[in-house]
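If you check TrEMBL, you get these features:
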TRANSMEM  A:6-26  transmembrane segment
TRANSMEM  A:38-58  transmembrane segment
DOMAIN    A:42-151  domain 'Nucleoside transporter/FeoB GTPase Gate'
TRANSMEM  A:88-112  transmembrane segment
TRANSMEM  A:133-153  transmembrane segment
TRANSMEM  A:165-188  transmembrane segment
């Protein structure tokens, strides 16, 4: 899919430029934009290093566990199929907390462990269980406290207030997460009643 | 008000982490450096993804095809109060995180980070995640072959995220 989009953008652009008389512009932009991307990545280094460093401290200090503990009562309701003290619940909570801290690298292995435990709970069947689908809904709606990379790009292009998007982002995230959970519930009840679409 | 809070969140978060880490006797500076090293490798590994997508989008834009595409869609989008410039982002976001980061970069660069589109793109990128990637990685790793409703739920969640970003940006920055 990404392959198609990628080739599509370039191919349509090049063909369109033949008819539109913009071949020169296209020629120029091929080289300037590649340059630009390299500089962008270099400027991403500063903020990624800073935040991942800071979040590492948060992790070591036990803030991740604190956060997980805080969310535990909510997650008992969100994942009714998982016994509250099952290791799956622990991994789900830590994955969620790592996502909040923007620790993508730490969140993924925790998420994979959560998946493995949920698969065991589901009798090792190769199909997605109810909790797995809920877990994915939670992950795809992305719960982030600080959108690090976006901030870095805003700074690179000299925004006068790069951080003013943080609060709106958190609110949008919360709405999409709640929405995702409601949709998940809806599909679950439709499945169990056996209603066809 | 929300803009004020946004400016406060980050310094307060940093202060909390640093003080709490010190209180818990974490070797703060050493851990900072350890975590920071990951940041370097992430930025470097992003380079080919970003470069490829940025070049492709730039060609599409410079040729004039982007304007033609946006112009074609604009009557419908106007009806829904959706700025047409944001459409490419809304379409790539669920498919690829690095690809949509390329689109966000392009929008911020060309429209300006403090323009409405620039802010909307920032919020949209930050508040949704790449459904197809999450699905592939998590289900692939444990060998789930039948996804059930997961894809539908994920994509609908993306749609809600996109609509929520639009509404909030209109309310706060509009």
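Glycine too: its Cβ is placed from the backbone N, Cα and C atoms.
Away from its own ends, the transmembrane segment (A:6-26) comes close to no residue of its chain (no Cβ-Cβ distance under 8 Å at least six residues beyond either end).
Residue counts for the domain 'Nucleoside transporter/FeoB GTPase Gate' (A:42-151) under DSSP (helix as H, G, I; strand as E, B; rest coil) come to 82 helix, 1 strand, 27 coil. Mean pLDDT, taken over the domain 'Nucleoside transporter/FeoB GTPase Gate' (A:42-151), works out to 88 on the 0 to 100 scale.
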